[in-house]
Every structure is written in C-alpha cells, then in structure tokens.
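Asker: If you look up TrEMBL, you'll see 41-54 marked as compositional bias 'Gly residues'. Sequence annotations record features per position, and here TrEMBL assigns region 'Disordered' to 1-54, 84-127. The annotation repeat 'TPR' is assigned in TrEMBL to 135-168, 389-422, 423-456, 498-531, 567-600. Annotated transmembrane segment per TrEMBL: 60-80, in sequence order.
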Amino acid sequence: PKRQRGERKEEGVLTTTSSKPVVSINPEVILASPSAFAAGQGEGGPGRTAGPGTGGLPRWQLALAVGAPLLLGAGAMYLWSRQRRRRDTGGRGDASGLKRNSERKTPEGRASPAPGSGHPEGPGAHLEMNSLDRAQAAKNKGNKYFKAGKYEQAIQCYTEAISLCPTEKNVDLSTFYQNRAAAFEQLQKWKEVAQDCTKAVELNPKYVKALFRRAKAHEKLDNKKECLEDVTAVCILEGFQNQQSMLLADKVLKLLGKEKAKEKYKNREPLMPSPQFIKSYFSSFTDDIISQPTLKGEKSDEDKDKEGEALEVKENSGYLKAKQYMEEENYDKIISECSKEIDAEGGRHRAEALLLRATFYLLVGNASAAKPDLDQVISLKGADVKLRANALIKRGSMYMQQQEPLLSTQDFNMAADIDPQNADVYHHRGQLKILLDQVEEAVADFDECIRLRPESALAQAQKCFALYRQAYTGNNSSQIQAAMKGFEEVIKKFPRCAEGYALYAQALTDQQQFGKADEMYDKCIDLEPDNATTYVHKGLLQLQWKQDLDKGLELISKAIEIDNKCDFAYETMGTIEVQRGNMEKAIDMFNKAINLAKSEMEMAHLYSLCDAAHAQTEVAKKYGLKPPTL
Ligand SMILES: *[C@@H]1O[C@H](CO)[C@@H](O)[C@H](O)[C@H]1NC(C)=O
Ligand SMILES: *[C@@H]1O[C@H](CO)[C@@H](O)[C@H](O)[C@H]1NC(C)=O
Ligand SMILES: *[C@@H]1O[C@H](CO)[C@@H](O)[C@H](O)[C@H]1NC(C)=O
Ligand SMILES: *[C@@H]1O[C@H](CO)[C@@H](O)[C@H](O)[C@H]1NC(C)=O
C-alpha cells in the first residue's frame, strides 16, 4: 500500500526546503508547484514533494547528505548547520554544552555553567551553601513529584526552591524556574510556562531547554513571532542537530508564511508571466484546440484584410481576436476579448473563449476566477471533447496547486474517461503522480502518452526522471544505472529537446557528476538561450560543485537579465545573500520573488524563507553570533 507521505511526521521538516531543483520545472508543474506543497501544512497535508532521495529520510537530513540540490531551499538553515558541523569537528563545538539532555522523565535541563557559578569557596560560603543545598533539596523533591505525575506538588517544591535559592546563583535559579515551567507545561498552563521560561532565560541566556519550552508555549498561545524567535535560537544553539526543534521551526514558519500569503495574495495585482513562460506553458499541451494557431478558414474576412495591421482591432471579434493577440504575444488583452465573446449573444466560440479565459486567469494566478469558467466548459456536453478534457486537466492542476489531490486525481481520471486517446491527459497526470510520489503510476501514464505520441520527447524524458526517482528511493544502484542510461538514449534520440538535458542534468547533479551535469545545462542553453531557469540551475551547480559564489551569482544575475519576472532566480539569489550575510539584499530579493509568486502556496513558501532569514539574523545579533557566510 502507498504510504501517506503527509502522515509521516519526520517528513514535514523544513519549509525552507524547496524541491524545485529536483522536480521538473515545467511551467505547468510550476503552476502546480512542488514548493506549493513544501509550503503547505505539515502533518495531515497532502503529498509533499521532495528530491528523488527522500525515501524515509527527513528532508533536512537529506539537505545535509546530498548537499546543494536542496541548498537553495534549505538555504540559511543548511549553511548554518554545515558551518556548525565544521566548527564542531574542529574541536570547539560551543553548542555542545547546551544540548538539551535526552532524559525524558525529569524536567531538569543541563544548564550551561555560567562563569563564577561554581560552589563558593571563601568565607561566608557555609551559610550560602546551606540555603543553596536546601533549595536543591526542594528541587529534588519536586523532581520526584514530577516523575510521579504530581505536578501541583512539584510546582510547590520548585517555588520553594526558588525562594530559598540565593539570588546570585543564576544557573541554579534558572534551573528551578525551568523545572517549574515544565510542571506548568504538564498542566497546560501556557502563560505560566512562558513566564517561568522567561525568568530562566534572563538568568541564563543560552539555556536551550528553557528557550525551547518557551517556544512551545508561545506556539500554544498563538504567539507565532515569539515562537519563531525562540525556536530559531534553539536551532542555532544546537547546531541544527535536534529534529524536534527543527520540526517546530518548520511548523511555525509555515503557519506564519501561510498567514502572510493569505493576506497579501488577496490584495495583489494580477501579474502576467513572461512570454517565454506562457509559450512554454502552451507547448506542454499538444492535443489542444485553443493553443493551436488559428486555422485559415477560421478567420473572418475582416481579419484577413487586417493582417499585417496587427494593432487595429475590431471591437466585436471576441475569441478570434484573442487568438490573434496570442499569436502577437499581446497577452494582456486576451481576457477582455474572451469576455466579449462569452458575453455576446450566440457567440460561436463560447466554449473556446471560456477555456482560453480560464487559462489566462490561471496564468495570472487568479484561480477563483478560473474555476467557474472551467466548470462551465466541463459541463458543456455539446462542446468538443478535447476542450472539456483540456479544461479537466487544467482544473485538476489547479486543485493540485490548492492541495486537493483527491479532487485533482478525480479530474484527471474523468479526462481520461471522456477522451482516452488524449496524450496530454496522461502526460499531465504522470506529472501529478510524480508530485504525489506515486512513481509507478507516473511511469505507466508516461508510457501511455508515449504510446499515443511516440514523438513526445518530453514524456520520454519525464519517464526517465520518474524511473530515476524510483531507483533512488529504492536505493537500487542497478536501477539507477538503468535510468541514467535511459537519459542517454533520450538525448540521443531527441537531441533538440531541452527538457531532456535539463532533467538528465538534475539526476547527474544528484549523482554528484557535476562536470557532466554542467555540460547538459550548456546544451539546454544552446537550445533555449532565453530560458532563465536553466541559468539558475547552472548557477546552483557552480555553488555545489566548486563553491564558486561569484560564478553562481553571475549566472543567476544573467537569468534575471533574461527574464526579470523569474521568481526562481530571485528566490535563489535571496538565499545566497542570506548565506553571505547580506540580509537587506536577501530580504529585497525575497520580496521581489513574493511579488512574482504564481500561487498563494508559493508565496507562503517565500514568506517562510524570508521569515527564517530574518529570525536567524535577529537571533544572531541577540546572541552575538556572527552569521556564517560562504
Ligand atoms: C526552461 O527550462 C526548463 C528546464 O530547465 C524547462 O522545464 C522549462 O519548461 C523551460 N521554461 C521555459 C519558460 O521555457
Ligand atoms: C480575479 O478575477 C476576478 C474577475 O476578474 C476579479 O474580480 C478578482 O479581483 C480577481 N482576483 C485576484 C486575486 O486577482
Ligand atoms: C543503500 O544500499 C547500499 C548498498 O547497496 C547500503 O550500503 C546503503 O546503506 C543503503 N542506503 C540506504 C539509505 O538504505
Ligand atoms: C534492483 O532492481 C533490479 C531490477 O529491477 C532487481 O532485479 C534487483 O533485485 C534490485 N536489487 C535490490 C537490491 O533491490
């Protein structure tokens, strides 16, 4: 039986992990973007996508193990942790003394010994030791009650310990407060937990256990910002080694991102993607009426007369006019022309116009406007079945983007029912299955697509990618070799298919065959010099391969030069700037990406990145840690 990925808790690790680089960056996949799922809720959420190798491994561990395929996403966190590990192996490991102890049954934390807190030695020590000893005894009694589950009594004992403890015994005192907080936690008295932890942290600023407990209390009290700050401090102080705190950081980042995105997305201006993106999107449909160039006979006489005078547009032509604008790449006018056709009495191309309008609503990121149009096309029984199947594919992708995998699957299955010979259905359903991590079904769909359209290079390349993922997940090296050989065959058979090289390059990067991956990206660039995404991937490769930051940034700048709406480039640039310690620049980049986000989910993911970066800088400042740089 298929695992429900969302149900496995350790899967839900870092929001800050984008899976973009390891999933095919087809435009329609972006529309139902992988990072959309990364930004979704943790437990109980629908299929979350990850790199080829996530089988069972938490994603942040994967980021450590595999390195940069997730570097851009894991971003700040990843580098911090790498930095930390390097330093630890160097012998100092300043976080080690602060690790939460793992004993479950006692509330006591191993506080880091503050300077000058040893047992007093000089004159007058005797009296002090007495009161400290009495405080310790009260605490020990409290611990016994705690272990027995008698939390009220435990709290009394800890209170006694606090009042007995000499005020200059910071570390002991902080422990007593922390212990009392643990008892309050058991009673779910979150405000008291937060208050006692605050005392403990005031007395002992790097007291990880108290910080983490306060983070949890803030979570319960719905103080997300405070929770994020505390848990970020914990993650940094622990060197990103503790999964529990990573999980909480992930969770609160997602909640915050979602909240902000919801607010922002409502009020944003519709945004038309770049012409390259739009053309690439339409090219992913081959069995599609609306994206085919207008047939000669379809054009009205007036249109024929006007050919060559592109800008002179007749008021009443509706759909055909919209098609003409499409050929001219004058995309901003398409929605209004379609509306004219739809609103006109007895328009001949009503269904086509609805579908085209819906498609552009989707492209500008307005799903709520797209849905009724798609619903109409789908229920128009008299309409061409190709139109209805295409509408179902698009509605299915839209549902996927909204994290409704069941509705999505339903639509794709219905599309296959009504138009079983439509290669697009299988092609797009295969991509959905990859996102849902149902690799076997994905391969079957790609096979069906290939059977219907043997010349479909894209489907063959994606099939290889699915097989690669499957092999990687199954840790089967002979299958991995077979998948790599499959890629070789695809690029030999379809030397003009850029996507084949791009997907092969991703697999090669994953296999640490960097030189060859770089060659493949160069081939992509030769074939599609104006595809910005490829430059970003190539830039990331430089980072992972040679740690060549300048070259990486240069390539990503080039991507922005080619397409100044390339959100992926801004996101990546932002992450790199975080790692270089240029926070303002990073936040600027993230905000640019946020403004370009193609869906609310993607926007939420970007807000999470931005918040993570911000929190880490704040914490670094507060604790006097120098932000790591590449
Ligand atoms: C750009 O290239 C990527 C592969 O790197 C491909 O998936 C995508 O469809 C291309 N995008 C555009 C807009 O051409
Ligand atoms: C979506 O489109 C509808 C209809 O044009 C419009 O009223 C609405 O404001 C748009 N919503 C967004 C989020 O752009
Ligand atoms: C994968 O398989 C190899 C041997 O084939 C084994 O050494 C390794 O531990 C396996 N890795 C995982 C994550 O199962
Ligand atoms: C790897 O896959 C091959 C081919 O599917 C299979 O014959 C072999 O048993 C698998 N090996 C392992 C270790 O699972």
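Glycine too: its Cβ is placed from the backbone N, Cα and C atoms.
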Asker: Summarise the repeat 'TPR' (498-531) as counts of helix, strand and coil residues per DSSP.
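Answerer: The breakdown for the repeat 'TPR' (498-531) reads 27 helix, 0 strand, 7 coil.
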Asker: I'm checking region-level scores; what's the whole-number mean pLDDT for the repeat 'TPR' (498-531)?
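Answerer: The average pLDDT of the model in the repeat 'TPR' (498-531) works out to 94.
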Asker: Is it possible to list how many residues within the repeat 'TPR' (135-168) are helical, extended or coil according to DSSP?
Answerer: 27 helix, 0 strand, 7 coil
Asker: Across the repeat 'TPR' (389-422), what are the DSSP residue counts per state (helix, strand, coil)?
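Answerer: Computed counts for the repeat 'TPR' (389-422) are 27 helix, 0 strand, 7 coil.
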